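What Swiss-Prot shows for this protein is this:
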- Ser121, Lys162, Tyr169, Asp174: carbohydrate binding site (BINDING)
- 64-83: compositional bias 'Basic and acidic residues' (COMPBIAS)
- Cys112-Cys181: disulfide bond (DISULFID)
- Cys137-Cys159: disulfide bond (DISULFID)
- Cys141-Cys147: disulfide bond (DISULFID)
- Cys185-Cys189: disulfide bond (DISULFID)
- Cys210-Cys230: disulfide bond (DISULFID)
- Cys214-Cys220: disulfide bond (DISULFID)
- 112-181: domain 'PAN 1' (DOMAIN)
- 185-241: domain 'PAN 2' (DOMAIN)
- 64-90: region 'Disordered' (REGION)
- 1-34: signal peptide (SIGNAL)
Amino acid sequence: MTLPIHFPRCVLYGMASAVWSILFLHILVGDTMSAADALSWSGGLIHSPAHRVNVMRSHHHEMGKELEQQHGGEEQQMQRDTKPAAFSNPPHLATGRGPSFVHADGQLDVSCFPHDKNIGSRTTEVAVVQVSSVQDCMKQCQSRPTCSHFTYNKNSKKCHLKDGAPVFYTYTGDMTGPRSCEHTCTDNCWMHSGNPLGTFQYSGHAPAFCWAACKGTAGCVMYTFQGGVCKLYSKNSVERA
């Protein structure tokens, strides 16, 4: 004959309290903590306080890993969204490394100088090469550290690479361009004092030619371009505006 088991009322209250604690923890932390973990944590009936601490540490560690992975994914997406679409390979023109501005179709930007005005340059040549286009001539200039500008003749397909300040003149079929069309300085960029290293009249030409003149002049670190007048200065004769 089996006798019924009777628990003291205090024991029944304790068991009910433990069950409610388990349910409360599971609802509070949602899916991030399983019912088994909640039971282990609240397990005053089963585990020690030290075990409960370890369970909570493990739970927080897993949550931290999830947040870190989420943040890393957002950062990578931001980098993809902000990547330039129109240009690539930022140039390092002062040292002769890298390309000029490149269009999305892979062609160099040669829009800063006229192609049909028969404009040549008398500046000393460092080399003459045979190429098929004005873009190829610009590439040849950029491949040589001392090249400041070039003259391309569309009839002869000859590319004349120059290493000094442009000295313009008229010659049939010629087009003269700077090392890069990137340099688009506006007027009043810099203030100056003292005497300039050189002064050039570049009225009607792009400011990039003033940059080319500075690159081709020893000691030049800065230039001004105002009203078509290009002035070159050394580091001892310029100060930031």
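Cβ coordinates are placed from backbone N, Cα and C, and glycine is handled just like the others.
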In the three-state scheme derived from DSSP, which category covers Cys214 (disulfide bond)?
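In three-state terms, Cys214 (disulfide bond) counts as helix.
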Which residues does Tyr169 (carbohydrate binding site) neighbour through Cβ under 8 Å, counting only same-chain ones at least six apart?
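When sequence neighbours closer than 6 are ignored, Tyr169 (carbohydrate binding site) has Ile119, Gly120, Ser121, Arg122 within Cβ distance under 8 Å.
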How big is the Cα-to-Cα gap, in Å, between Cys214 (disulfide bond) and Lys162 (carbohydrate binding site)?
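About 13 Å separates the two Cα atoms.
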Around the carbohydrate site formed by Ser121, Lys162, Tyr169, Asp174, which additional residues qualify by having Cβ within 8 Å of the site's Cβ center?
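Near the carbohydrate site, the remaining chain residues are Ile119, Gly120, Arg122, Thr123, Thr151, His160, Pro166, Val167, Phe168, Tyr171, Thr176.
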DSSP-wise, what's the residue breakdown of the domain 'PAN 1' (112-181) into helix, strand and coil?
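Tallying H, G and I as helix, E and B as strand, the rest coil: 9 helix, 27 strand, 34 coil.
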Cα-Cα separation of Cys159 (disulfide bond) and Cys220 (disulfide bond), in Å?
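Cys159 (disulfide bond) to Cys220 (disulfide bond), Cα-Cα distance: 26 Å.
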State the count of C-beta atoms found within 10 angstroms of the C-beta of Asp174 (carbohydrate binding site), not counting that atom itself.
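Here the count is 22.
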Cα distance, Cys210 (disulfide bond) to Cys147 (disulfide bond), nearest Å?
14
Looking at the domain 'PAN 2' (185-241) alone, can you tell me the average pLDDT?
79
